[in-house]
Amino acid sequence: MHLEFTTGQTQTAVSLMPRHLDDCLRELILINQKKDAIDILEWRLDYWQAPAQLLTAAEKIAALDLPLILTVRTTNDGGLASAQDYLTYYAPLIKAHIGQAIDLEWSLAAEQRHQLAELAHQQHYQVLLSHHDTVQTPDNDTLRTQLLAMQADPDADLLKLATTAQSPADTTRLLAATQSFTHQFDKPLTTMAMSEFGVASRIFGGQFGSAISFGYLETPSAPGQLPIEQLKGLLTTNQA
């Protein structure tokens, strides 16, 4: 099962952020209650604090039979992990065939990123190359340069660019950059402008080519996220 996308149809995703098995089981109950609103799961492994329970939790998550992105978010991109944590989490989960894709940050050293991508591709995982600017939305030229550089990475199957909107105009510029990119390239791209100014990017991003919109179960994992059921309803209305 690979992540597959249709132009103009944004899929919904939620982030699992459990620290241990009990957390995981509680979140899985919520997911089952809201499963109709969820297309994709993301497992934020940088929150995990119980190494001995990792594979047990993984089997429970995999049993949901939803496409799963494995993510280790480092402090560089607003998460809790270090670059050294990638292999610690990804290696055993890939070996156990948990999930369909791994997230690799663009800020990782190129050699490490390539080695991790190679590990994933050998087991038929997709690689989501991501970048998160937790301060601003860069100027238009920088946005385009970033997207072109990520597109040119031969290890990347999917792309994700998140910026921080300091005004509604920032969101408009990111959506325009998304549209320009997706008209030129076939590689699936997900973008979002974080903050309250960027909520529109999560609702209308699909009309500009964005592939995934992230909502939340209980607590937002990024500023400006909407509850997953509300998000699914808005997307369904807009994409009808």
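Placement of Cβ uses the backbone N, Cα and C atoms for every residue, glycine included.
Per Swiss-Prot, the 3-dehydroquinate site holds E42, W43, R44, R73, R202, S221, Q225; the candidate it also names there, chosen from S15, S107, S167, S180, is S15. Residues S15, E42, W43, R44, R73, R202, S221, Q225 are listed as the 3-dehydroquinate binders, and the farthest two of them sit 20 Å apart at their Cα atoms. In sequence order, the recorded positions near H132 (active site, proton donor/acceptor) (Cα within 10 Å of its Cα) are K160, drawn from S15, R44, K160.
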